[in-house]
Amino acid sequence: MRCRPRSVPSEPSATASTISRDGELTARNTPPSSPEPPTRGRHPARPYSGRMRTLVLRILFAVYLVVVGVIVWTPVSSDTPFGGPIGVVARWLTGFGLPLAESYTVLEVAANVVMFLPFGALAMTAFRWTRVWSTTLAGLATSGLIEGVQLFLPTRYSTVSDLVANTSGALLGALAVAWARRRALSAAASRPS
């Protein structure tokens, strides 16, 4: 049994009709036009991938904000002055000769910075029009809201150091994304085209 090679169908050529001065109808071949214009920077088979990515990042940012709200506004027991996970780590550090109160304070500030790192990173990626300064201001406003609400919660207390630490975390997260973007752009520019 012999296999015949499959023929590849060629694209149909479009014809355009014109009428000459003599009144004759003539047909001429014209190249087929492309079905749709190319998309800017997106793969044609995935026109919504950029939008879907943005939607997922914005949903992730909203979930992150809810989790932060639960963490910072959930009542805590005031029976132990150095409670929670930070207190556990601070008590562990006393085994190395570090004082409990100072260890707890340093760990609490570090935890506030780390808690707001995703704020800066997610805000910069979920809302591509944002800049480092606007993301930092949004982090400051969010931290101000948190600290303002904590003024009225009996088991929570509001501090300026939390405000500074949270804003610093948002700034560091935004700077990390800005650095990654700049690095990606310079790598793309250095590639031969």
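For all residues, glycine too, the Cβ spot is worked out from N, Cα and C.
Residues or ranges marked as compositional bias 'Polar residues' by TrEMBL: 10-20.
Under DSSP, residues within the domain 'VanZ-like' (61-178) fall into helix, strand and coil as 89 helix, 0 strand, 29 coil. The domain 'VanZ-like' feature in TrEMBL is assigned to 61-178.
The annotation region 'Disordered' is assigned in TrEMBL to 1-47.
The transmembrane segment annotation in TrEMBL covers 55-76 (among others).
Under the heading transmembrane segment, TrEMBL lists 109-130 (among others).
If you average pLDDT over the domain 'VanZ-like' (61-178) in this model, you get 93.
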